[in-house]
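Annotated transmembrane segment per TrEMBL: B:25-42, B:63-83, B:89-106, B:118-141, B:147-169, B:200-219, B:249-268, B:280-311, B:326-343, in sequence order.
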Amino acid sequence: MLLEIDDVSLLYGRIQALHGISLQVDEGEIVALIGANGAGKSTTMRAISGIRPVAGGRILFNGEDITKLRADLRVRRGLCQAPEGRGIFPGMTVLENLDMGAYTRRDRAGIAQDLDRVLNLFPRLAERRKQPGGTLSGGEQQMLAVGRALMSRPKLLLLDEPSMGLAPMLIQQIFTIITEINEQGTTVLLVEQNAQQALARAHRAYVLETGRIVKSGTGEELLHDPSVKDAYLGVA
Amino acid sequence: MTTVLEKVRAGREAAGERWRGAPRWVRWVLLAAVIAFFYALPNKEFYQWLGPIPTTGSNFGQVLFMMSIYVLLAVGLNIVVGFAGLLDLGYFGFFAVGAYTVAVLTSPSSDLKTVWPWLTVLPIGVALALVSGVLLGLPTLRLRGDYLAIVTLGFAEMIRLTATSAGFLRGQRGFNQIPHPPGEHADGTPIFGVLDARPYYWLVLTLIILVVLGVRNLTRSRVGRAWISIREDEDAAQLMGVPTFKFKLWAFASGAAIGGLAGVLFAGKQNFVNNQSFELLNSIIILAAVILGGSGNILGAIVGGGLAYYLIERFRGVELFGIELYEYRFMFFGLCLIVMMIYRPQGLIANRRRAAEFKDRRKEVIVGG
Ligand SMILES: Nc1ncnc2c1ncn2[C@@H]1O[C@H](COP(=O)(O)OP(=O)(O)OP(=O)(O)O)[C@@H](O)[C@H]1O
Ligand SMILES: [Mg+2]
């Protein structure tokens, strides 16, 4: 098992956002986390990437307990998140942003190789390599955020709503790319509002409701689950 | 107004392009000329040809010395505010730590009676400022934004109040006979003294060059990339594996050390230190200087720091319609700032530099092999 979350709770001040959630991600999988607005999906991601301390429970990565490990050290262990709302560096060019993705690495050859790979995955970024990140379109920023996370060559890639605010065609494209990344050997944990797409692409999925996991199963199973259909797939 | 501004902007960008496009040796020659100009500036034989530039109401050498101190402070604060994006409202506190360290350890009026030479105390003053930066940063840099501004503000006020009320810091009576740096002319007279500010100015100028070289190297390394990423988006920086706390502390501490260095130099030059030299206003002026020059830009900090002190001092002894303009100096300074913020919020030296700098760096990497 690559990632194992065991009974994790998280507090924002007095507000409890996670009530003891447990989930697992195996090597090579795409795992989706779906849920309504405010269910705690981003919070779960923050707990995993370590930018928010947890109040209880354990997080194991690659067999190592990382519950108390600093966020930047988790990146060095091979865990990288593309944050919700993109979080790219606005004043840095596309190339500089991608370069920041490789901040923890020193293997120049490997970095150059990954840069090629990212620019191949996202030809749009290649065209705009000298443009400041802040002036990219929303969709391009989203691609940059994903590409930048890939530059750390993560074992586990955390994606928080990569399709947010994208046109339908781009959504298709970004999901295709996620599958491609996965097939190239990166494990993916994916948070999505776009449950239809996410479940169709994911090997397994969890449903989060007000800070609790209420359902889990293969993507296929959840896609055909009546309650999931009702609540998240918007089919009548 | 806008068209004029646009022309100026276009002109400057063209100048920037030409500067970056020029061969290396041309840049070196120009840079050497500029540096030579500033070394020559305090000599009357030189500045008498410069028309209205030298100040009328005060000794021009002394004004230049204070300008150089402000430049040093602005360069230091620019690391904190400009590169790491930390709002430090009490930067002058570190200046005070440097100055008081010298005062307490060298002045015969001090209770300690150590009366050490200035040069011995120089590293101690810088180190103490650095340590106080670390001590102040450790608890506060984990917090974000406004907290830091308030805590640093409190720190500077605390230093000032301590200087006023703590007996051994001698309040307004202050410390006198603070020794000068060592060195003698051929005829045996000391180089550094009260009467002639020029040697001090040259000393600070030289230190500025060294500090700027150091800072420039830092900002072009992984450290600089980390600082800029923290400034632009701290969460994202952390998610990319940047140890944000460590680098914020580093920025804060190196800024503090430079502030302390300025204080040590100031104490030596003035020969006297008391609580009057550390008003809160100074912290604000330095911050304004950094923003005026162009936050996040070393050249901007240099220009801003020098200009801020010069603008304020230039009014001394100038009368218009029987009104002593010096009385209104801060009003003019404030007006300048407001106009700047409306027409040029990014500061005098544009921040478009970073993209170009990057290009430049790439080129240098290739040229330099
Ligand atoms: N910094 C914070 N301080 C206080 N409460 C917060 C904070 N961040 C999130 N919350 C609360 O925690 C809960 C979970 O938020 P979270 O951002 O994880 O939701 P989400 O599932 O990602 O929603 P969305 O789909 O809208 O992104 C929400 O009720 C939210 O209001
Ligand atoms: Mg969210």
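Glycine residues also receive a Cβ, built from the backbone N, Cα and C atoms like all the rest.
Under the criterion of 3 or more C-beta pairs below 8 Å, with sequence separation of 6 or more, the transmembrane segment (B:25-42) and the transmembrane segment (B:200-219) qualify as touching. Stretch with the most C-beta contacts under 8 angstroms to the transmembrane segment (B:89-106), considering only B:118-141, B:147-169, B:249-268, B:326-343: B:249-268.
Most Cβ pairs within less than 8 Å of the transmembrane segment (B:280-311), among stretches B:63-83, B:147-169, B:249-268, B:326-343, belong to B:63-83. Proximity of distant same-chain residues to the transmembrane segment (B:200-219), defined by a Cβ-Cβ separation under 8 Å and at least 6 residues beyond the stretch ends, is recorded for 35, 38-39, 42, 61, 64-65, 68-69, 71-72, 75-76, 79, 83, 181, 192, 227, 254, 258, 261, 265, 268-269, 298, 302. Note on the transmembrane segment (B:63-83): residues 41-42, 55, 91-92, 94-95, 197-198, 200-201, 204-205, 207-208, 211-212, 215, 218-219, 224, 227-228, 231, 251-252, 254-259, 261-262, 265-266, 269, 285-287, 289-291, 293, 295-298, 300-302, 304-306, 308-310, 313 of its chain, located 6 or more positions outside it, place their CB under 8 angstroms from a CB of the stretch.
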